[in-house]
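This report refers to the structure that appears directly beneath it.
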Amino acid sequence: MKDVTIIGGGPSGLYASFYAGLRDMSVRLIDVQSELGGKMRIYPEKIIWDIGGIAPKPCHEILKDTIKQGLYFKPEVHLNERVVDIRKKAERHFEVETEAGEIYTSKAVIIAIGAGIINPKQLDVKGVERYQLTNLHYVVQSYRRFKDKDVLISGGGNTALDWAHDIAKIAKSVTVVYRKEDVSGHEAMKTLVTDLNVKLCPKTRIKYLVGNDDETHISEVVLEHVESGDRHTVKFDDVIISHGFDRCNTLLSETSSKLDMHDDCRVKGFGNTTTSIPGIYACGDIVYHDAKSHLIASAFSDGANAANLAKTYIQPDANAEGYVSSHHEVFKEANKTIVNKHLY
């Protein structure tokens, strides 16, 4: 039996893992995705400005450090496992069950599932799956691949406009198609992309994808006006889909441990990351409490808070908070290495 099972490997879950390790707890970390990082993996190239003391840098750089920190105390990690139930058997005895039927036991549970299981909405066009490993994209991993390319973006929200704005600086051309009369993203961003000569095509959708000779890459796209039905075919090197996300939060609605909810999709926190069930804590975007800010920075704070509460639940005579890291014995040898690196 582990001290704590953390469900969710995004920034809050990773920091909870680190801080629980710092508090000398054994940790199990479970995530439904094939990689740790949560929603941060959706926008790896976006520049993050709002983490205190961290200079603005691409999200993938922050994520790399966050994962490294989260794994510092060597938690037991399970990827590609979907949690379907949390059962409280007794005080300091929880069972976490996965879709595959695995049952993991721990003394406390931290829920850090963000907005739930998030997957980009797929383009509903025949044969689309054959291009998903080549030049059809739902996530932009690197802007560099679009250098000097003709790029089509489908979607009119903020993410689509952000990608159009950034890619237009290096691409040969960028075209944005969207079904409505106007984009739904910020008006200021619409002005910016227009200034960069991004072509905006309202009331237009992707009707067909035309492949190359061996059907491995998209070579042309048939676009259709949603009202008139007029169609025209355009050559593109890459196609990016930004149609929002499908979200699944069935864990909270179907679990045996019925938590008080703030709304249909967030756990009610009682002043912090405490939930209505002793021994279960929630951190990050999945929890609502009065001091909540939906920032990566506050996800870290939530993670530490949840770990501290789990510690005192498991061991009531433990200190409510851990020692500051600069004075913590566990980092003594690691600190010597870091100091020597900077001195010499």
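Each residue, glycine too, has its Cβ placed from N, Cα and C.
Here is what Swiss-Prot records for this protein:
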type    : residues                                                  : note
BINDING : SER12, ASP31, LYS39, TYR43, VAL83, ILE118, ASP285, SER326 : FAD binding site
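Positions of Swiss-Prot features highlighted on the structure.
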residue : record           : DSSP (3 states)
SER12   : FAD binding site : helix
ASP31   : FAD binding site : coil
LYS39   : FAD binding site : helix
VAL83   : FAD binding site : strand
ILE118  : FAD binding site : strand
ASP285  : FAD binding site : helix
SER326  : FAD binding site : helix
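The C-beta environment of TYR43 (FAD binding site), restricted to residues of the same chain at least 6 apart in sequence and closer than 8 Å, consists of CYS59, VAL139, VAL140, THR159.
Cβ packing within 10 Å was compared across the binding-site residues VAL83, ILE118, and the lowest neighbour count falls to ILE118. Within the same chain, the residues at least 6 positions away from ASP31 (FAD binding site) whose Cβ sits under 8 Å from its Cβ are ILE7, GLY8, GLY9, GLY13, GLY38, VAL77, HIS78, LEU79, GLU81, listed in sequence order.
Neighbour counts were taken as the number of other C-beta atoms within 10 angstroms of each residue's C-beta; across the binding-site residues SER12, SER326, the minimum falls on SER326.
The C-beta environment of ASP285 (FAD binding site), restricted to residues of the same chain at least 6 apart in sequence and closer than 8 Å, consists of SER12, LYS39, GLY114, ALA115, ARG266, HIS294, ALA299. Of the residues the record lists as binding FAD, namely SER12, ASP31, LYS39, TYR43, VAL83, ILE118, ASP285, SER326, the two whose Cα atoms sit farthest apart are 37 Å from each other.
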